[in-house]
Amino acid sequence: MPHSYDYDAIVIGSGPGGEGAAMGLVKQGARVAVIERYQNVGGGCTHWGTIPSKALRHAVSRIIEFNQNPLYSDHSRLLRSSFADILNHADNVINQQTRMRQGFYERNHCEILQGNARFVDEHTLALDCPDGSVETLTAEKFVIACGSRPYHPTDVDFTHPRIYDSDSILSMHHEPRHVLIYGAGVIGCEYASIFRGMDVKVDLINTRDRLLAFLDQEMSDSLSYHFWNSGVVIRHNEEYEKIEGCDDGVIMHLKSGKKLKADCLLYANGRTGNTDSLALQNIGLETDSRGQLKVNSMYQTAQPHVYAVGDVIGYPSLASAAYDQGRIAAQALVKGEANAHLIEDIPTGIYTIPEISSVGKTEQQLTAMKVPYEVGRAQFKHLARAQIVGMNVGTLKILFHRETKEILGIHCFGERAAEIIHIGQAIMEQKGGGNTIEYFVNTTFNYPTMAEAYRVAALNGLNRLF
């Protein structure tokens, strides 16, 4: 006799991965509950990560644009804004996103339960509710989409009022004059751009020998130069020995013997999965040292009825990928297999000022693979649209096979790079010979547009062939 459960599936977490899974499940007729530990849906992406940091970046970049525009750039009219004012803009965006996502669940009759979930046995969850009560919930299957949080080394005092992580930085109550950022990954570089754009002194401590080493080296070098040119001090190959909070700021002692002092520290060196409170040992699951779960191609864990998506499974740790992972897991959960799968070349968008975006192979990868490739480039400063709007900093680079003309990689540095990249991505995904750099020469672009950079870069690259 079949067992009766409260739900067909319970999704733990309402971030992009949880939302993708929940929507995919209810659209297939499943009875679904979503457990969210916080009062509002959306997860870290909406409340502490992607949305607020990009809203901050947008506000700061508009201030920079205003102050650099020759129409407004006389010194009597310089635009200034406090960190608190800019945070208010981010709050408005967060509220809009929360209302919209709450509506998705309500329209699709997907139940939202608030509290902390922990496994009791293979098909039972205990839900610790905000009022102190404990509910017992059963489901045939589960999707773990509980996300991640900033990694906290034990020797750093995050209770100090001037020591922040990438979540708590959004609750900063003072006006920073000098910021130390430890960790020059994506988050560290994005916040370095934001603070420097607000005319705050920034020291960026990088534990490696160059910024964002996964990028094409020209893109990484462009960011380094732009930081240097704007006054960001980058210190490569450094690790902290000790971090001490004091009354007026933070002192960082580096293993190299250097000492740095600033009025606050943003620690942005790694993240860890939010799995420690799930009591996974009760269902025979183990995580790695960073709290992450291993999954197969259908996002099943070692327990076939338990799936995991998003940051909690590690790479690529992107909101865009998490939503797709949730959708794929939902299909596998209901049908036993998934027809869809993540695309091989996931685009990368890094929201520094200016933006960086890429898809496909880098020059370094193609050289190591001994692929005969050629390069086509377009400088933004030569595009009419960029000249009109004053976006002179930037470049688009297309890597393509010398013989087949197949596009192998696209890399963009400059304002709107994360949007521009998708034009090239669409062509790269074409089958049956449709992926060719000649498309950009044989099609007609609106004029003037930033998209026209593809035509310029394609002509530049094809003219190099002999």
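Residue numbers in this text run from 1 along the chain shown.
Keep in mind that glycine also has a Cβ here, set from the backbone N, Cα and C atoms.
For reference, Swiss-Prot has these:
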BINDING   Glu36, Arg37, Tyr38, Gln39, Asn40, Val41, Gly42, Gly43, Gly44, Cys45  FAD binding site
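In sequence order, His47, Gln114 make up the list of same-chain residues 6 or more apart from Tyr38 (FAD binding site) whose Cβ falls under 8 Å from its Cβ. When Cβ atoms from all protein chains are considered, those within 10 Å of Asn40 (FAD binding site) total 18, not counting its own. In three-state terms derived from DSSP, Glu36 (FAD binding site) belongs to an extended strand segment. Within the same chain, the residues at least 6 positions away from Glu36 (FAD binding site) whose Cβ sits under 8 Å from its Cβ are Gly13, Ser14, Gly18, Gly43, Ile112, Leu113, Gln114, listed in sequence order. Around Gly44 (FAD binding site), taking its Cβ as the centre, 26 other Cβ atoms fall within 10 Å, counting all chains. All protein chains included, Gly42 (FAD binding site) registers 25 other Cβ atoms within 10 Å of its own Cβ.
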